[in-house]
Amino acid sequence: LISTALWQLWLALCIGTNSGAWFGTAVLVTNMRNFPLSRGTVAGLLKGYAGLSAAVYTEIYAGVLYSSSEKLLLFLTLGLPAICLALMYFIRRCTPASGEDSAEHGHFLFTQATSIFLGIYLLTTTILDDVLSISYVISVSFVLVMVIFLLAPLAIPIKMTLFRDKSRTPSVSDLRGSDTEPLLVGSKREEKQAKSTPSSYVPVDQISENQEPYLHVSLSTRSLGTLEDDEELVDVDILLAEGEGAVEKKRRPKRGEDFMFREAIIKADFWLLFLVYFLGVGSGVTVLNNLAQIGTALGANDTSILLSLFSFGNFIGRLGGGAVSEYFV
């Protein structure tokens, strides 16, 4: 292979590393819009699985790829893009629930429990693989069980498809039929009294001239029609002026709405998030990318356990942060 200049290697790493942010942002934003009442839980789950990915790669590297760096590089080059292209059609907008749903809460609890069991399983198998001499068949079995844990959340849509909720809303015919029945049923004696009692309604033409009306027409009621007509005329004039370009009405987006880049960079929230990510996520990614070198410098021969421990802690922190923020915020 031809040696690459340092700036070319830096540019390739910069593009390759940040390319995952585009896919991750699309997944995160879509799911947060699909579940607006559980945004913290959704963010914690998605970021938690991303933090657990290092332990997943370690399991595949040690269990299936014979600890070969060339095979791992080939898997990252061809396998991950193929998985992303195959699954991107499942990322789409759905109609969110109009209110609190107990079934949705149970589904999130199931996904969180599955992810926690996955993290514990990966940490345990990595330690066993390092301590004991495990055959290739058992290592492949470990990887297959890991895949089952990863696919466990698919049980939720399968269950919702095969076992639909039998509770249904009343149909239109039911509502029409219910209109024929009285809302309040009284005794027969009360009904007879109501029929025999003369109505207290007095026609207008029977009211004497000296008798004053009970309700006077207010001035606001008299002028209501003219005010509404004037407002409609004003609205039409504004719409015509906007169409001709004479008037431009533009409202700046509020917190929680979509921002253009030039609108976001003038907000304090944007720079606060940038500072937090630069100091927090940036330093964490730097440590993660150089974790093997740090372990080697400290005298560790195999850094697999160190990487799994770091990945598990990263996963627990992200998952717990999402759950705690959902509870308090």
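Keep in mind that glycine also has a Cβ here, set from the backbone N, Cα and C atoms.
So that you can see what the record holds, here are the features copied from TrEMBL:
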type: DOMAIN; residues: 5-158; note: domain 'Nodulin-like'
type: TRANSMEM; residues: 6-29; note: transmembrane segment
type: TRANSMEM; residues: 72-91; note: transmembrane segment
type: TRANSMEM; residues: 107-128; note: transmembrane segment
type: TRANSMEM; residues: 134-158; note: transmembrane segment
type: DOMAIN; residues: 266-321; note: domain 'NFD4 C-terminal'
type: TRANSMEM; residues: 270-292; note: transmembrane segment
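Of the candidate ranges 6-29, 107-128, 134-158, 270-292, 6-29 has the most C-beta pairs within less than 8 angstroms of the transmembrane segment (72-91). Secondary structure of the domain 'NFD4 C-terminal' (266-321), assigned with DSSP and counted as helix (H, G, I), strand (E, B) and coil, comes to 47 helix, 0 strand, 9 coil.
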